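According to Swiss-Prot, the protein carries these features:
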type     : residues : note
TRANSMEM : 25-45    : transmembrane segment
TOPO_DOM : 46-75    : topological domain 'Cytoplasmic'
TRANSMEM : 76-96    : transmembrane segment
TOPO_DOM : 97-122   : topological domain 'Lumenal'
TRANSMEM : 123-143  : transmembrane segment
TOPO_DOM : 144-152  : topological domain 'Cytoplasmic'
TRANSMEM : 153-173  : transmembrane segment
TOPO_DOM : 174-203  : topological domain 'Lumenal'
TRANSMEM : 204-224  : transmembrane segment
TOPO_DOM : 225-249  : topological domain 'Cytoplasmic'
TRANSMEM : 250-270  : transmembrane segment
TOPO_DOM : 271-286  : topological domain 'Lumenal'
TRANSMEM : 287-309  : transmembrane segment
TOPO_DOM : 310-363  : topological domain 'Cytoplasmic'
TRANSMEM : 364-384  : transmembrane segment
TOPO_DOM : 385-394  : topological domain 'Lumenal'
TOPO_DOM : 416-426  : topological domain 'Cytoplasmic'
TRANSMEM : 427-447  : transmembrane segment
TRANSMEM : 450-470  : transmembrane segment
TOPO_DOM : 471-493  : topological domain 'Cytoplasmic'
TRANSMEM : 494-514  : transmembrane segment
TOPO_DOM : 515-526  : topological domain 'Lumenal'
TRANSMEM : 527-547  : transmembrane segment
TOPO_DOM : 548-559  : topological domain 'Cytoplasmic'
Amino acid sequence: MSKKSFVKGPSGLPKELNNDKQWNYSLVNIWVASLALKLLLSVGYHSTDFDVHRNWLAITYNLPISKWYIENTSQWTLDYPPFFAYFEWVLASFVPDFVKRDGCLKIVEKGLYSLPTVLFQRLSVIVSEVVLFVSLQWYINSSKTHTEAKRAFVVASSLVLSPGLLIIDHIHFQYNGMLYGILVLMINSARLKKYLMCGFWFSILICFKHIYLYLAPAVFIFLLRAYCLNLNFGKTKSSNILKIVRWKNLFKLSSIVIAVFSIAFGPFIYYEVMPQLIERLFPFNRGLTHAYWAPNVWAIYSAIDRLLIQIYYRIPISRPILLKIFKFNPQYLWDTKLVNKTTRGLIGDVEFLILPTITSQLTFFLTLFYQVMALIPLFLQPTFRRFMGSLTLCGFASFLFGWHVHEKAVLVVIFPMTFLVSRDRDLLGPFNLLVSCAYISLFPLIFTCDEWLIKITYMLLWYIVYYFSLKKVVRLPKTNGGYGKVILDRVNNGYILGLVPVITIVSLIDLFEHKFEILRKLQFMKLLIISVYCGIGIISSWNGFSWLYFVDESIWTDE
């Protein structure tokens, strides 16, 4: 391959490296174009999460701060950290009088509202999402070369146009765009080696939504190793031992983190309601899986349990074998109510009928184990790309092995991995498998006919556009990987294409279940199909990404 020739810029440096930037990649046009679709969707379907946030507006508007985490008139109690409660309080102050009269700010058991409340809350999501656009524009603008800026633009545009955000925020109803915007601020601060800003933004993010604790181990190790520790040993061993900690840096970072958490939790400590707040944030009395199984290890485990139940019923010769292997109580299998309990995410303990019951302690141990495995290389090599890889694997571990994981939590994996995918073409395989399975797994959140065509068409167009866009800008690997790599790519693409019949089957069940009683009895089957198929895909993506993380050193340097 011939060496690339550079044209000299005004400063005497190669034009590709010249600081006088000539490019302009703006997200403004994308924001304007996407705004039209979001406004059209604003009057369509919304989930119960809409009334959740309406109730939080009412709580923070009508009650003193000391009552926010105690109020329980509605089942939709406030269970996000304080900064999100403050956000709802600020938002409530902008509610117009005609929206107030519509019932937006009334504390009631079940919200009674109409179009004015819907439009106000929909617009609040759209406006708050500006944080994501601004943070990603900063990410693009801070690129050092034209090639880097082009890659950054593809990455940024794929995130602001994410089918996940469209489904979860603008149809289902949540505020993830704003929160992931703060995550991007943290990520770009780390990229620019602004470690204090990195700690500041992540502390704020945790105080907005505690799901990002999934990523905390990677952030902690990165800041500790890159900013607070000095492990460059010299000749004088004794002096190095004394100076292994950069005390000034540690003090500055600790002060920022403590200050943020003090502002967030200080008022609740003062009013002595911290126990109630902690109980709201961490309700450990919930089951292993959510009502709709998130596509992770436990979805597959649950499906195997139900498969073994059917084998036990239909193949009598298998009964003594299953009893000997799994040592379960066969009396439970003849309890019709227990067997027909197709959802496992309701309040209470989770009991499997044949397979051993999974405890919260086991899920914590598995999550911690796989996170620690990802943290070791980060501690030894605290580069930005290694940090992003560790961040991705911490998200994977929490999503795949965590307790009571929601399907929406898969965005915690997608966002950090997206920032890495343009680094090396080998990452495209795990990435494509992840996003295709993850976004399809969100489809059951939107089960109405009016939005069916939108979610299918939007997902398909997004995947086609960014499949080729990322392929065009991605860095080629140093080795082609041989015939085995070709086979693996074909298997990945084949599995992704398998999502087409999966969606077709599920859609046909939706279409004809009102006509056929047998389909009504198999109502949970369509959720199981999506959870299991997408779960296998996401686990495969995790395996492929982990292999590259631990084996391919060239991807993770900052060169």
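Backbone N, Cα and C define each Cβ position, glycine as well.
Note that the structure is a prediction, hence the values are computed from the model and not measured.
For the topological domain 'Cytoplasmic' (416-426), residue counts in helix, strand and coil come to 8 helix, 0 strand, 3 coil, using DSSP. Long-range contacts of the transmembrane segment (123-143) within the same chain: residues 25-27, 31, 35, 38-39, 42, 91, 149, 151-153, 155-156, 159-160, 165, 169-170, 173-175, 177-178, 180-182, 184-185, 187-188, 191-192, each at least 6 residues beyond the stretch ends and with a Cβ under 8 Å from a Cβ of the stretch. By the count of Cβ pairs under 8 Å, the stretch nearest in packing to the transmembrane segment (204-224) among 25-45, 76-96, 287-309, 427-447 is 76-96. Annotation: stretch 287-309 has the most Cβ pairs under 8 Å to the transmembrane segment (427-447), among 25-45, 287-309, 364-384.
Mean predicted confidence for the topological domain 'Cytoplasmic' (471-493): the pLDDT average there is 83. Panel annotation: around the transmembrane segment (287-309), residues 322, 326, 333, 339, 343-350, 352-355, 358, 360, 363, 399-407, 409-410, 437-438, 441, 444-445, 527-528, 530-539 of the same chain, lying at least six beyond its termini, place a Cβ under 8 Å from a Cβ of the stretch. Packing against the topological domain 'Cytoplasmic' (548-559) from elsewhere in the chain are residues 374, 377, 381, 383-386, 389-390, 393, 420, 423-424, 426-427, 430, 477-478: each is 6 or more residues past its ends and has a CB under 8 Å from a CB in it.
Beyond the ends of the transmembrane segment (364-384), by six or more residues, the same chain brings 190-191, 193, 217-218, 221-222, 225-226, 390, 393-394, 396-398, 400-403, 549-550, 556-558 to within a C-beta distance below 8 angstroms of the stretch.
Residues 49, 53, 84, 87, 124-125, 128-136, 138-139, 142, 159, 164-165, 168, 209, 212, 215-216, 219, 222-223, 226-227, 249, 252-253, 256-257, 260-261, 384, 387-388, 391, 408, 411, 415-416, 419 of the same chain sit 6 or more residues outside the topological domain 'Lumenal' (174-203) yet have a Cβ under 8 Å from a Cβ within it.
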